[in-house]
Amino acid sequence: MTSPKLDRRQMLKLEAAAIAAAAAGLPVPALAANLATEREVSELKWDKAACRFCGTGCSVMVATKENRVVATHGDIKAEVNRGLNCVKGYFLSKIMYGHDRLTQPMLRKANGKYDKNGDFTPVSWTEAFDIMEVKWKEAMKKRGPNGVAMFGSGQWTIWEGYAASKLFKAGFRTNNIDPNARHCMASAVAGMMRTFGIDEPPGCYDDIEATDAFVLWGSNMAEMHPILWTRLTDRRLSAPHVRVAVLSTFEHRSFDLADIGMVFKPQTDLYLLNAIANHIIKTGRVNKDFVAAHTVFRRGQTDIGYGLRPEHPLQKKATGAAKANDSTDMSYDEYVKFVSEYTLEKAAEMSGVPLNRLEALAELYADPKTKVVSFWTMGFNQHTRGVWCNNLVYNIHLLTGKISSPGNSPFSLTGQPSACGTAREVGTFSHRLPADMVVTNKEHRTKAEHIWQLPEGTIPDKPGAHAVLQSRMLKDGLINAYWVQVNNNLQAGPNANEETYPGFRNPDNFIVVSDAYPSVTALAADLILPTAMWVEKEGAYGNAERRTQFWHQLVPAPGESKSDLWQLMEFSKRFKIEEVWPEELIAKKPEVRGKTLFDVLYKNGQVDKFPVSDIEQGYLNDESKAFGFYVHKGLFEEYASFGRGHGHDLAPFDAYHKERGLRWPVVNGQETRWRFREGSDPYVKQGTDVQFYGYPDGKARIFALPYEPAAESPDGEYPFWLSTGRVLEHWHSGTMTRRVPELYKAFPEAVCFMHPDDAQEAKIRRGDEVKVVSRRGFIRVRVETRGRDRPPRGLVFVPWFDESKLINKVTLDATDPISLQTDFKKCAVRIERVNVS
């Protein structure tokens, strides 16, 4: 693997990197130092960029020399990270320079022509688009618009996601486009929409320094959001009264700081949340004035199923599956009666958490003098009742009035750098449009069609195929042309053997993967398109606290690599309107006849109205040079017009290149820290104090939702729970981080974390190879009985970053029926020792 070309004189060891690396058990040789301070190096060109990894939204300073990134360090001007980076962030300068970086389009060929069983062969971009054009048109002729689909990403830049959504929803006229944020943030979206009628957190990171208590629900912030964890740790250690509660199905590094650590049985978080609400009511700590003025009560639909195939027995039994998102009015008294059965005593019995710890947790929320921030990530969201979990934690904050004020915040932390900015805000989900609009709402479609200058009826009125459904439809031959960008869904998607891989190799299907490296998904495709990464293109991300951040293109992409944005827009030139729109639609706007999708979607007088001369002097911009106008500015300003004036306001384009990000809504140049709060949020009417303006009545919803069991639980044949997740050193499927030598060496392969007593009982020793077996498949992996992750008896944890140990061959493709997000935290497995002969 290659590393940045800096000689010894050009590199000094970075103390902060050494500290962070030591915490992760990392060696930090001289070559790994990532902050240059000698005069020669400090004269390099430095510029800001958002970090390429998680949704925290750290800002970094990037040094370039001779068209190459040679160093990075934390941006001391950034409010989010204040000059710090986690260990992944310290090695950002190496993610683009793996030895197997893709630089040419590659098509499967045999005897000089495309063959699904052929070998990957370098081809030109023209030939790549030629075969794509043929396959797209064949699929649409055979099955109509829904014969094609796209799987995108929370790692798309804002304009990449926006351009992709336009191409599919307006151009090809299919809503079969979904981001991999379906696997990480869909439950958070649905939870916000159900409770508040509008998406994204009411608070911000400033709450960390203002609160009295942190409660982590299914969130290992110490490893998954380490920069926020440093801020949380600083608050805890500098203010003796502050308390930290951590809830998880197994112990992890965040427990090291916990004052109240709680390991609960999988799925019983539903019970715990209701029990806390009941405790608040029983002890007379409901903020009655707040509840009366700002909330109404709803009874949610129950027995909603598990998002499995319709013929699955669990789906057949689910009486409420068809109306999973429905709810009905109820009174406060009826809600009180509903939660009364959820006592702390029963919760302790159900969950396995000691009663005294549950009482201490409940008191943090109930005490009116204690400000509380609730953080959660995949433990809540990757859950067959993930939306319910989100609703139930909002219930607690609403009952106590602990919301939308400094130090009081329910906060879903984001996993990807722009799952908020691109997937949620742009609306790249199969049911969404920009600014919280949805395809099922005629007024919303009409507004989108007006902004996009399209005839009425262009955008389909039914949601398209979501992530898991796309895999099923590919397998069943109902989607025949498929484009994957910026994700690795063969490694990341559930039940890979039965539901994902078969669709990729279905002979009727043509699969395109745009990637920078030969991932598992890319190697299963028919055509691989080499993609520009990170600062090889101009970009924008939106982080978890509604902060939008921009960066300039700083270096060129290698070889023939092109950005995802260029690929989308260039491919759109291959389609005349007459080839993709019905005659009756064209008749409503005859001037589009003879034009290409590129002309109608991107050269429409709005996207192309900013000249190349608007690009800040001294910066590259390959896409704008190719198309002849400032693409990013035009796309952003058109997109921003969706949200301005109704609570999603973004600042003018040029403002973001000057700032370390701004938190929307941005009105009159001022960002918003606490939404729904008078004096902070410009959309709150004077004299209301708090206004949940997502709903017309200005009130939030408190939901009555019961405990319901998991889709699959351990039994005699499969006696263990399996949970999957991430580790500090690697990000998602490891496509980038496993190509950084220092990160690879720190955690080279996935292991199966197991309780030592379970291992001893099975005559398994630490380091032994075992099979992790489910009803769907198995992997072989070595056992770890010590270290950072400490499962209770009856549960094992296997991270999913390792492509040689595809744990998602084992997982179940059950989803939350409302959000359609996958539950990667709960399925049943057995552990078999591999006998070495």
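Cβ atoms are placed via backbone N, Cα and C, with glycine included.
Database features, via Swiss-Prot:
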- CYS51, CYS54, CYS58, CYS86: [4Fe-4S] cluster binding site (BINDING)
- LYS88, GLN155, ASN180, CYS184, 217-224, 248-252, 267-269, MET378, GLN382, ASN488, 514-515, LYS537, ASP564, 724-733, ASN808, LYS825: Mo-bis(molybdopterin guanine dinucleotide) binding site (BINDING)
- TRP800: substrate binding site (BINDING)
- 44-100: domain '4Fe-4S Mo/W bis-MGD-type' (DOMAIN)
- 1-32: signal peptide (SIGNAL)
Going along the chain, which residues six or more apart from CYS54 ([4Fe-4S] cluster binding site) have their CB under 8 A from its CB?
MET224, HIS225, THR414, GLY415, GLN416, PRO417, TRP731
Residue distribution over DSSP helix, strand and coil in the domain '4Fe-4S Mo/W bis-MGD-type' (44-100)
7 helix, 18 strand, 32 coil
Nearest to CYS51 ([4Fe-4S] cluster binding site) in three-dimensional space, by Cα, is which of the binding-site residues GLU223, GLU251, LYS537, VAL727, TRP800?
LYS537
Neighbourhood of HIS732 (Mo-bis(molybdopterin guanine dinucleotide) binding site) by C-beta distance under 8 A, where only residues 6 or more apart in the same chain count
GLY415, GLN416, ASN488, ALA492, ARG726, TRP800, PHE801
Other residues with Cβ within 8 Å of the Cβ centroid of CYS51, CYS54, CYS58, CYS86 at the [4Fe-4S] cluster site?
PHE53, THR56, GLY57, ASN81, ASN85, LYS88, GLY89, PRO226, ILE227
Cβ distance under 8 Å to CYS58 ([4Fe-4S] cluster binding site), same chain, sequence separation 6 or more: which residues?
ALA50, CYS51, GLY74, ASP75, ALA78, VAL80, ASN81, LEU84, ASN85, CYS86, GLY89, ILE227
Inside 10 Å of the Cβ of MET378 (Mo-bis(molybdopterin guanine dinucleotide) binding site), count up the other Cβ atoms and send me the figure.
26
Using a Cβ-Cβ cut-off under 8 angstroms and a sequence gap of six or more, which residues of the chain neighbour LYS88 (Mo-bis(molybdopterin guanine dinucleotide) binding site)?
PHE53, LEU728, GLU729, HIS730, TRP731, THR737, LEU743
Within 10 Å of the Cβ of TRP800 (substrate binding site), how many other Cβ atoms are there?
22
Check the domain '4Fe-4S Mo/W bis-MGD-type' (44-100) for me and report the mean pLDDT.
97
